[in-house]
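Now, the feature entries from TrEMBL:
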SITE      R163  site 'Transition state stabilizer'
BINDING   H207, D214, H277  Zn(2+) binding site
ACT_SITE  E274  active site, proton donor/acceptor
Amino acid sequence: MMVLPRWRWPRSIPMPISATTTKTSRFRAYAIAKAARNRKSSGALRAIALLVAAFAFLPGGCASTSLAPSVTAQQATIERNDSRAVGSADNAESVGLVDAQSLAPGLQLDIRYAGSDNFVGAPIDGYHAPRCLLLRPAAQALARVERDLRTQGLRLRVFDCYRPMRAVRHFVRWAADLEDQASKPIYYPRLDKRELLGDYIAPTSGHSRGATVDLTLERCDGATCAPLDMGTPFDFFDSRANTDAADVTALQRGNRDRLRAAMQREGFRNYPLEWWHYTLQPEPSPGRYYDVPVR
Ligand SMILES: [Zn+2]
């Protein structure tokens, strides 16, 4: 009987979601499939890897399509993403990114990567200003969410929007530096830093496609606003940050549900492993990653 090789998350593989993201079998499938394609492995090993990848899709629910085409389609998407990344443009406007706050002045900006209040503890490469840039359809949808919430005494506090590819590379460098454990108590108290690279921090992020936003809700009483309790801070590398985590209080669950409902009404889909992470569906530019700085 043939023994299946023990596959580990290939650390050099892009993950098509967030740079800061929790692991999932479905996304392992992308990685396994691509690893098999990249590796100079035998045809038999490649076949086994693709089979493993196909089975990894089972719990994710591709009920209406056959498994093999799903894997093939995802591989094709990854290949397109790799080959169409934007490299030459150097300003946001030229690639269609707009300032979301110009469309929704009520957005509260708390752009963590433009300062030092983040898991790296320093401003992140590519962030020269605390701005929320998004492709216009995503910015417009976010503005509609903001208007809707305002009538309920709520507002949006935004942590991150479009993220340059160079910022993601900065995250990867930080994750590889095991000497720097300064932010462990706040951001990954239950994990060894060695677990972050690959499983939680990947070499590409959906944020670089310009239609993903990280955010939370605030309740306003007159001029005073305070963030709602979501159970974990933003960018908390832990299963408790999963949107439907069981180990949060009913109040925290209710707050997460409220954010999700508001975002879904305008077409944003939550990434189930991070309560703060939303992507407009369908994405305006699903195959294109940007690296223009945020200025
Ligand atoms: Zn995110």
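Cβ atoms here come from the backbone N, Cα and C positions, even for glycine.
Taking the features listed in TrEMBL, we show where each one sits on the structure.
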residue : record                             : DSSP (3 states)
R163    : site 'Transition state stabilizer' : coil
H207    : Zn(2+) binding site                : helix
D214    : Zn(2+) binding site                : strand
E274    : active site, proton donor/acceptor : coil
> When you put R163 (site 'Transition state stabilizer') at the centre and draw a 10 Å sphere around its Cα, which of the recorded positions H207, E274, H277 have their Cα inside it?
Replying inline: H207
>> Are there any residues at least 6 positions away along the chain from D214 (Zn(2+) binding site) with a Cβ closer than 8 Å to its Cβ? List them or say none.
In response: V158, F159, D160, C161, H207, F234, D235, E274, W276, H277, Y278
> Those recorded positions, R163, D214, H277: which ones have a Cβ sitting under 6 Å from ligand 1?
Replying inline: D214, H277
